[in-house]
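Here TrEMBL flags 57-74, 80-101, 113-133, 139-159, 214-237, 257-277, 312-331, 337-359, 371-391, 397-417 as transmembrane segment.
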């Protein structure tokens, strides 16, 4: 599905060549800021550290807006995209096997039911045990790499047989306009997203000064190589038009290459997407937990289960919002929505890093990147925000900006003035009793 979005924008060149470079520069910048501030919460904590002390009212706003947007928009939309992809690749081979071709409405209902099932299972795992969620992540990562190896191996085999017609076209037809290039980047931003996830759980890492940068430095080049080779494999077997018109590119590739064994590909994709969604859920609970701990979210979101030690309330909130987003959700629109909003905060994170070069210049930095690197990432991220609006304004961009600014409605009374919502104490008490959760700190 990601490949289809990219192909629709004719942005393969941008995503294959420039995308990994920009994301790698962003990742190593996050290595510096993550080891400078080894706390969980990702950009939320970085914004607090960089700007929180500058002004009583304006200082914490960016951190609050980030938490507001991530909790209620970015993480749920990410979960919705992944669960819809899970449903697409799970339902497609099943319906083909039983020779059933549903109409548009029934297909919509089936996909949403499978997506909700995916969210439900992942929610249970993450609420039940941190260890269980980690084991699921490890198992499904192995399954993901196995499926990737099959696709890459099949593509290289066909390439050896001389199937190079589609590759010889190169990047012909790639986007050249200001806005199209930025929009095409959103597909790549989604494909490579996740390089900052460890920054959300820094406090839970063993030896974060070593393991945080090591994980990023190993994972992103590996992801880039796999992503590029998979696209080469797809283009070796399928034409660009076939990729654009396909609802499940990997399934079509499997049918062409593997024949009777083609079921292995959608199975591998389903396991891959499930593992990615599990990782997204794992980090989603942490940002709500940290924001609640800092007083920027309702107290009960900072509570953890008294036995399982898991942030049950934030996980359930993310699941509920994810399910709501799958109802009207279209994957391509959600990806644009996700990419546009993420770029705003990637840009702000680079500003925070540059600011702390001056405000925390005497702090120990296990990793220090050349200042030009965060500047480049900041400029590219700003371009990804401005480009689509300037060239081809879409209503989803307006909704995203409106949603971000709407956070101020809650910031002023409930964070700055600390107004208590009537009945919130009773609701928190009910949540504690029902979910068996308790506070970890008092603020």
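Quick reminder: no glycine exception, Cβ is built from N, Cα and C everywhere.
Counting C-beta pairs under 8 angstroms (sequence separation of 6 or more), the transmembrane segment (337-359) fails to reach the transmembrane segment (312-331), with fewer than 3 such pairs. Counted over residue pairs 6 or more apart, the CB atoms of the transmembrane segment (312-331) and the transmembrane segment (113-133) come under 8 Å in at least three pairs, which marks the two as touching.
Counting only same-chain residues 6+ beyond the ends of the transmembrane segment (257-277), those with a CB under 8 A from a CB of the stretch are 79, 82-83, 85-86, 89-90, 92-93, 118-119, 121-122, 136-137, 139-141, 143-144, 146-148, 150-151, 154, 158, 194, 237, 248, 250-251. Non-local neighbours of the transmembrane segment (113-133) in the same chain are 79-80, 82-84, 86-87, 90-91, 274, 277-278, 281-282, 285, 305, 308-310, 312, 315-316, 319, 322-323, 326; each lies 6+ residues outside the stretch with a CB under 8 Å from one of its CB atoms.
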